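Engineer: Straight out of TrEMBL:
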{"type": "BINDING", "residues": "C74, C78, H165", "note": "Cu cation binding site"}
{"type": "DISULFID", "residues": "C74-C78", "note": "disulfide bond"}
Amino acid sequence: RVAVVAVAGAGLGGSWLYLRGEKERRRRARRREELRALALGQGDFQLLDQSGRPRRKGDFLGRWVLLYFGFTHCPDVCPEELEKLGRVVELLEEQPGLPPVQPLFITVDPERDDAAALGRYLRDFHPRLVGLTGTPEAVREAGRAYRVYASPGPKDEDGDYVVDHTVLIYLLSPDGLFLDYYGRSKSDVQIAQSVRRHMDNYEPLLD
């Protein structure tokens, strides 16, 4: 009788694990389909990096990307988020066997943030951080692909102004598709853990 109960218990345990695995696979499949339907980040962009070189979204395919939209005159939020982004990349670099992550910054203030301004500003952050700028139209188009809100405020007596904008770090898969996003409340450790989970569960989204 004890043996029968043990076998039955093992069978139930195996069934429970199987059902839990199936539920998780279905959840991930639904999530992929939702991301496809939203089409976040599928739009291309044509911008210039801090060296003045033309860059397209296709240049970053095949790499994991952490993307942040901001501006160089941002008083505190952007520096804090870029420092956090850099720490996330460093945390992931410490884990052997993980693919490299490309940190990417796109300005929401192209009127002031030309390539030279980006180069000067980004020197204070992760050495592999790539900054992108361009014409106002090209920058707005890039932002629209990620549903980024950006609105310049009124100018002060010195002509300075602050840009109100979406404060999120976006995770892009090697396919170039949006996978996740992280707000200010997420720590560098939490973001690194999330990125690692996405890497572990990664399945190409593009056919």
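A Cβ is built for glycine as well, from the same backbone N, Cα and C atoms used for every other residue.
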Engineer: Which residues does C78 (Cu cation binding site) neighbour through Cβ under 8 Å, counting only same-chain ones at least six apart?
Structural biologist: Y68, G70, F71, T72
Engineer: So what sits near C74 (Cu cation binding site) in its own chain, CB-to-CB under 8 Å and at least six residues off in sequence?
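Structural biologist: Expected: V162, V163.
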